[in-house]
Amino acid sequence: LDWWHADRSCEQRFAQLLFEPQESERGSFSKLLQTHHIRGPVWLNERDSVLHKPRWRRDHIVPVLVFGDKTDTKYVKVLSDFPSLPAVTACAHLQWDTKTQEIATIFSYAVPAFINEFQLRGFVDDEGFVRFALIVHGHHSPYLPVFRADGQWHHFCVTWQQENGTWAIYADGKRRASASGLCAAGPSAPQAIYGQGTFIIGQDQDSLGGTFKEKESFSGNITDLHIWQKVLSAEQIEKVRSCWVVEQELVFGWSSNTLEVESTVQESLGDLGLLFVCVSTGPVEECRVFEVGSSGFSYASCLQSLPFICCYRKDAYQQLKKAQMESSHSLVGRVNTLAERTVIPENVFTSDVQDMNLSLALGALDVLTTVLREAETPVLESSDLLVVLQLLKQVSDLEVQEEEDLDMLEQLGQYYVEVMELILEEQNIETWSSVSQVIRGPMAVVELCDRMVSHLAPLLTAGRTKITIQHGNVGLRRVMVKNMWFGYGSLQRCLSGAGGNTVFQDVAASDRGQKYLSTTVGTAVISSALLSDYQEISTSVRYRLQHRIQVPPGRAVLPCSITHSLTPRLPDAGGMWSTAGCSVVTSLLDSTACFCNHTTNFAVLLQVYEMQQRTTKEELTLQTLTFIGCGVSVCALIVTFILFLAVGVPKSERTTVHKNLIFALAAAEALLMFSELAKNNQVLCFTVTACLHLFFMAAFSWMLVEGLLLWSKVVAVNMSEDRRMKFYYLTGWGLPVVIVGVTLATSFNKYVADNHCWLNVQTNVIWAFVGPVLFILAVNTFVLFRVVIVTVSSARRRSKMLTPNSSLENQIGVQLWATAKPVLVLLPVLGLTWVCGVLVHLSIIWAYIFIVLNSLQ
């Protein structure tokens, strides 16, 4: 089969095309294939490139005109009557010949009044860019760079309109040049491009329909030329680039039947080794193959018919065979009997992949929904589930033609959603578990539903801008955006029953004094995608989902921002929930609002913890201790500050550092006492948070300065007092201002926590405080250790000098006091009492100790 039919055939059998063998296995693998009489190339899985692009976008093959070298004889004439063109757009795909830098004429349109009525020319400049110039009524635009001369296929469009002489040149979907005034002679408005002229591809006409010059001829390949009597929008140009034809006001459409091709111009449909296949990203010519004889890799035309191998993982294959052997085939039999034909084959291994049209698909789903609704035993067998999914895959791959009956198409959507709801019923949980290795969970239906909803595009018109199809807990909706939802009770129960907790293995448990129990899908699952001309475009999404989980008694549920896709990536991957690009906006007991910078499948996972609950009395005690401790501290700090000023304490480094530390700590603790009053005012809360961040950061910076000052007394520092004080002020106030400023600049929207006026702990913002604090505590711990060593050593020497005959007990007592005194005095001054904060989650006792020590610092 060709690559796309081969890939589809494997997918229908719940397998995948052969992946690239490991280097060590290539030789033995090649020999194995040869023993089965397989030689030459076999298709390889393309992984992420063309694997999931719909087949009906790929089979669009168009003739290519091959001009070869520059001559004065090769030309192609367009056999079409051109009307007068007050506006025009011409688009094509081309490969530029990079061997020459001479000017080349892509096309020329001539009328008796003007030989150079409408023309496009180009050349390769010294920097390797192809430059285009547009000519209208003999007036010439400048040559401007549009794409690189790299020998690859490029798409271009040129537009011009009579009004203001506005023109533009597009290349590969992007506007490269535009201006107005082309062919506007003086104050008079430009004329429309005259009709009934001669359109020549590849040559410049110096007379009507002839007199060509070799040096102005085109060399290269060109295809898919279309001309419109209007200016296409940027969105329409992107659509044309993807080989969709905009029918409205189309003057000329690319076709061999409407071209007069000079005998030396070659017209290729793949026979010249040049194949042009249109896909959503432009031309794709080749797919990867494994060469069985040489054990190497190469490329072949994707439309070539080659052998292919469908690969299964062992566990999936065994599960599939078991389901097949244990099947009673009752569902298959009833469906085929009612349909009076083979709608569903009995064997998923040997069944042929059938191309479906709308009528066949509608009939098949009509019969299937009838059988599922009227089933005597509502529980599906494993094989039943597999064959239903196989049929849904076939339906989602059907090609919807433009002239299809829209009522039939909408009815197909209704049946499709109903089948999905029926197979997601709660009684089928065990069935999903039994084929978990084959399907990798019920999220497979989300991917199938996503494919199906794209087929509903023809239903949208100017008069009908929204479609909603719903059955039970499953639904589809399209309003420019395609949305799907799987209400709680369908997908979630099946996920939980199919080893739900093991799917979320990348979820880390919190250590906030809670015992991690499990993670489960706690809301509806939604899927959202934005389509522009049938192509998916990623965009940001903000959504809120209600929690639907039953919380066990004595346990708490913490909403998380784990809200990403669960679609299979590789054969063994199966998909993961991920937090990539998503964050929690607000989190309430009954719902969670999230923001994601991309479209995909969304849900809110809930992590269940066994909480070390604090009683209301304990919470009240902690709040009271905090308020009293901070109140006492603020009063004592203010009194001390006044004494420093009033009593006339001699000015020194130490008193200056003490005064700055006192001021910063007093301001921080006073703000902390009253910060709860500001949480209902967003602007005030933000301001309080920034001030708290600044003053607590300043307090810790001055604690660092206290440590540095001690170090300068213990260890000789070669720096003058003035220079030291400048350095201290820079550290004490400059460092906090820089940290807070950078944090606000980089994380302005994520700065404040949801429920109180402090830094957001659910993002990395909290590290703008915790990081510097940990560094300061580490430095001050080292300083304290050094001071204790010096103090003990000094006390030992002093003891020996003053009381040389003292007893051993007295000497030990002196040394113990020499150790204890600096520790007791310096612990709060250096801020080391904050270290016990890391133990708070272990016990309520540590919480009391932490609050008492630090509120009274």
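Heads up, the Cβ atoms here are built off N, Cα and C, so glycines get one too.
Confidence in the domain 'Pentraxin (PTX)' (61-273), given as mean pLDDT, stands at 84. Residues or ranges marked as domain 'Pentraxin (PTX)' in TrEMBL: 61-273.
Annotation source TrEMBL lists domain 'GAIN-B' at 447-612.
The domain 'G-protein coupled receptors family 2 profile 2' annotation in TrEMBL covers 622-857.
Here TrEMBL flags 625-649 (among others) as transmembrane segment.
TrEMBL lists 661-678 (among others) with the feature transmembrane segment. Packing against the transmembrane segment (661-678) from elsewhere in the chain are residues 626-627, 630-631, 633-634, 637-638, 640-641, 644, 684-685, 687-689, 691-692, 695-696, 698-699, 701-703, 705-706, 732, 756-758, 829, 855, 857: each is 6 or more residues past its ends and has a CB under 8 Å from a CB in it.
Residues or ranges marked as transmembrane segment by TrEMBL: 684-705 (among others).
The transmembrane segment annotation in TrEMBL covers 726-745 (among others).
Beyond the transmembrane segment (765-792), the same-chain residues lying 6 or more positions past its ends with a Cβ under 8 Å from any Cβ of the stretch are 693, 696-697, 700-701, 703-704, 706-708, 710-711, 714-715, 735, 739-740, 742-743, 747, 750-751, 759, 815, 818-819, 821-823, 826-827, 830-832, 834-835. Taken from TrEMBL, the feature transmembrane segment covers 765-792 (among others).
Long-range contacts of the transmembrane segment (823-851) within its own chain (CB-CB distance under 8 A, at least 6 residues past either end) are made by residues 511-513, 612, 614, 618, 621-622, 625-626, 629, 661, 699-700, 703, 706-707, 710, 773, 776-777, 780-781, 783-784, 787-788, 857. Under the heading transmembrane segment, TrEMBL lists 823-851 (among others).
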